[in-house]
Amino acid sequence: MAAAAATLRGAMVGPRGAGLPGARARGLLCGARPGQLPLRTPQAVSLSSKSGLSRGRKVILSALGMLAAGGAGLAVALHSAVSASDLELHPPSYPWSHRGLLSSLDHTSIRRGFQVYKQVCSSCHSMDYVAYRHLVGVCYTEDEAKALAEEVEVQDGPNEDGEMFMRPGKLSDYFPKPYPNPEAARAANNGALPPDLSYIVRARHGGEDYVFSLLTGYCEPPTGVSLREGLYFNPYFPGQAIGMAPPIYNEVLEFDDGTPATMSQVAKDVCTFLRWAAEPEHDHRKRMGLKMLLMMGLLLPLVYAMKRHKWSVLKSRKLAYRPPK
């Protein structure tokens, strides 16, 4: 009996260094087939492991990465050197009163800005997308806007005889153009075409900061910079040479409300007016945003309560699979 037990133990354990007979014996005792046993041979181990990159490849990849980074830096440096003559001064960010999340436009400033446009800017620049009716309720009453429109003569027609005629302006009329066509505008401004100011704030990078800096940034050209006749130096304008003469200066006009017409005040008011012209829905958009935030503050707790109590049954429901018998 003892000899039989020793023989069985030797078959299960096997000799030292030969694990396969012992494993085969264990598999046979447990009811497993011999083909299901894993073979721990050197070939199987080498196939199951993942070899990394060699040292030479790592060095090559590191060198390529350093060359790519150096080439990118050199390209940026050369581009900056080539475009140094085209460098323009970026406008600073000014603390406009309407830039707050809940801040509205200054409507008294809009009224003064329209006065600046009417007396200073309208001689060269048009505003094709702004009508006199747009001023009603913003900076003028309806009667005041009608009086402003009647100051200009608008071509209309034809009449019963088929001829065009001139009539006083109406609220539905748009601001008059200073020139009949672009060719006439270029001929009167030494070949430069004055841009339309309806959306100039939205059309320029920097918005009203750029327009304010451009209006107040005229200065004498630095030493070594020469400009041809009819051009003026402005560091905020691309190329620094602009064909528009300095349009504003201290006491360039008198405001109706008695505000001192300093250069910065005039530039601020006309920039505010141009911001309103480019975005007349500015105040309405912020009011709607505030109302939406208030409504969402009331609706979100209700939605959360509905989700928490109405859908908790479905969320905690468990499905049990019962196989067919």
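Placement of Cβ uses the backbone N, Cα and C atoms for every residue, glycine included.
Quantities reported herein were computed from a predicted structural model and do not represent experimental measurements.
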Please pick, from Met66, Met244, Met263, the residue that Swiss-Prot records in the heme c site together with Cys121, Cys124, His125.
Met244
With DSSP, how much of the domain 'Cytochrome c' (108-209) is helix, how much strand and how much coil, in residues?
40 helix, 12 strand, 50 coil
